[in-house]
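Trainee: Found this in Swiss-Prot, in case it helps:
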ACT_SITE  ASP302  active site, proton acceptor
BINDING   LEU145, GLY146, THR147, GLY148, GLY149, PHE150, GLY151, THR152, VAL153, LYS172  ATP binding site
COMPBIAS  666-679  compositional bias 'Gly residues'
COMPBIAS  680-690  compositional bias 'Low complexity'
COMPBIAS  691-703  compositional bias 'Gly residues'
COMPBIAS  723-736  compositional bias 'Acidic residues'
DOMAIN    139-482  domain 'Protein kinase'
REGION    660-746  region 'Disordered'
TRANSIT   1-41  transit peptide
Amino acid sequence: MALAQRQVSCRIERSTGASTSQPVGSCLLVQRRPGQRRGVPARATPEFIDALSALVPNLPLEQIAAPCQVMKCGDIVYRSTLDPSLYNEAGFDEKTVALLAPVLAYLFLPPGVLPGAIDYYIRAPLKRKQTKAIDKNDIVLGKRLGTGGFGTVFKGELKEEGGVKTSIIIKKAKEFGEAEVWMNERMSRVAGHHVAEFVTAFDESLNVPLPAAAGKRAAPVQPTSPLDANSIWLVWVYEGDNTLSSLMERREWPYNLEPLLFGRELRAPRGPVRELVTIKEAFRQLVQAVAACHSVGIVHRDIKPANCIVSERDKKIKLIDLGAAADLRIGINYVPNEYLLDPRYAPPQQYIMSTQTPKPPPKPVAAFLSPILWTMEKPDRFDMYSCGITLLQMVFGHLRNDNALIAFNKRLQELKWDLPAWRREEEAKLPSAKGALAESLEAGFEALDADGGAGWDLLMRLLAYKPTDRPSAAAVLAHPWLTSAPGRTASLQHSLSGSFEATVSTAAAATSTALTAAGKSLGQAAKDAGLASMEEAILKVNQGALTEAQLMEELGLQEPAPVAPREGSQTIAWWQERQNELKARLVERREAMSESDPYGAAPSAMQVGSAINNARGGKGAKPTTPVKPTGPMAAAGAAAAAAAAAARVEAKVKVPNILGVKKPASGGGSNGRANGNGNGKAAPAKAANGNGSGNGNTNGNGNGAKQQLFGGLLGRKQQPVEEVQEEPEEEVEPEQETASKKERAFNLLGVFRR
């Protein structure tokens, strides 16, 4: 208790009578009890002073000092001239930059983690909302352009609001359609000018009928077989009919490519220099398109001249047919031990990455690890080999034949992909070679030897056996053969003044025939060398039947490559989500079309009723407003209608055709209380040919004003009347009758379309 009442105070005061040895300002510790006299204060020890000095700055008390000393304001006007240590500001931190630089570099390495995330989470949803929702009811199919291993291609028209028609290309994909949609949509967002312009895609389940007013513009695209129920329809803007393959088959190659790439023919004289200019530009644009795919992590896997469209609108080469492509950023359309390729253009490895590569993990993880996998496996080198074969066909005319290309691949395999050895063999054949074969070899080697042999060096690199020995697309674009001006070497200039230029021009007319003969001979030699199975596979490719089983047979594989299950794949999940969103927007578009009626006035109720009744054989028409003919001869039509109405009162009583008037195409026991045909000469009520079996309103055809009704004309001019004998109707089987009704219905719908 005494201790609790004890008060402790510390007083720091200046000693008045202290000696000079005593420090100024000492701390005196005074202990005093109540009622006790003040004693002599004891002085504090140095340890106690140090403890207080450390405690005071940490107390939650406002500091008392000059403003600038507390705020560290320094010289505000000339602050940049001060030493950073004076106002306690950190300068350039090299360590932080050294740590962040590799991270940022990694995020931008191919295939691009950060750009891919922005595209997937931001650009893709926005682009999808901006894309117009269409289905098969908006498309009119045209002629079939061809059939490939992954589907059938048609030309057609897309009819939009306002009657605007757009020429389009439609592909009905039999397999890998979802993956091709993914590739086209992604490429259209990040590098749309390097691929054919993609419009949209839909499957058979997406079918929202057009409003009644718009139903007359287009015939729905109907599936032709039960297998079409799973088909996916892909739509592109029409870019043109010319591919590199179709152009190379003509004897005018490469001069026929000049107007498509440059907008006109080059003014230089025809010869190797001019040809090399066009070939270089075409190959440069092809590699640029391939580089655009690789920059976003897409490997095409089917690079060949047939998949290089020459756009008439943009004057450049674009890639098409992305059905075999793989998006290695997140693993879309990629299975480690599955291959998709054309054996004529594929590298010897057949796979874009090792078969031991694990299956793609979830999308975020796969995207983050994609630069490591891309750097280790170099999957883009698969496409570079295909580019090398394409370049080979550009410069060597005889290799544009399938049989010759097969023989080349076989011989290159026997030589263990030693391209210089193949060249030595071909050059040894030159003295004995004749015609187009000799011209092709001479022209090809001379073009590749131009510019110091830069073209030959590039070709050897592209056709290297090891993927790591092949250059990337960016390295090819920086190669001297594409960066230097063509024809600068003395050897090529010397060839211009030689006999080669004249030989090329004189042999152009016979090139096609000679190539065909050479292809047949090489094809026979290939068969003798054991290439019959490969030739059969190539023929099936040309017929559009390249399947996994055929590739297995051609490549000599024993076990089929497993296919990813459709139900569990990321591609199918993405496709189903896309279809649900597309259908919702399509319903909104159809509702807007029905409200605004942008296609013009709908056909009249009389016309629609007549069309349906004629298709059904005159059954089930609802009463509609009658069409009254006008003109000086309209009385005959009215009288005929009245007579037919009277005939209808008596059940199934036929009025004889006393006037001998020919029945129109739209008559014959169909709609209307009457289909009376008066010729204007007889006013009596019996002058009619009415058929009261119908249950619609009057369709009296008098010689009045001109009215167009499903092709029938009610003209002012009186037509010559011929007596026609009525033939008894044949009994039709129920199935034939149903087919006949459907045929009449589609014919009538065709009138709406016109």
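Using the three backbone atoms N, Cα and C, a Cβ is placed for every residue, glycine included.
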Trainee: Helix, strand or coil: which one is the residue listed as 'active site, proton acceptor' in, per DSSP?
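Mentor: The residue in question, the residue listed as 'active site, proton acceptor', is coil (DSSP, three-state).
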Trainee: How many Å lie between the Cα of LEU145 (ATP binding site) and the Cα of the residue listed as 'active site, proton acceptor'?
Mentor: 19
Trainee: Would you mind reading off the Cα separation of VAL153 (ATP binding site) from ASP302 (active site, proton acceptor), to the nearest angstrom?
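Mentor: Cα of VAL153 (ATP binding site) to Cα of ASP302 (active site, proton acceptor) measures 17 Å after rounding.
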Trainee: Return only the integer: C-alpha distance in Å from THR147 (ATP binding site) to the residue listed as 'active site, proton acceptor'.
Mentor: 16
Trainee: Which residues, sitting 6 or more apart from ASP302 (active site, proton acceptor) on the same chain, put a CB under 8 Å from its CB?
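Mentor: The answer is ASP321, GLY323, ALA324, ALA325, LEU340, LEU341, ASP342, TYR345, SER386.
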Trainee: Looking at the domain 'Protein kinase' (139-482) alone, can you tell me the average pLDDT?
Mentor: 89
Trainee: Whose Cβ, among the binding-site residues LEU145, VAL153, has more other Cβ atoms within 10 Å than any of the rest?
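Mentor: Within the set of binding-site residues, the most crowded position is VAL153.
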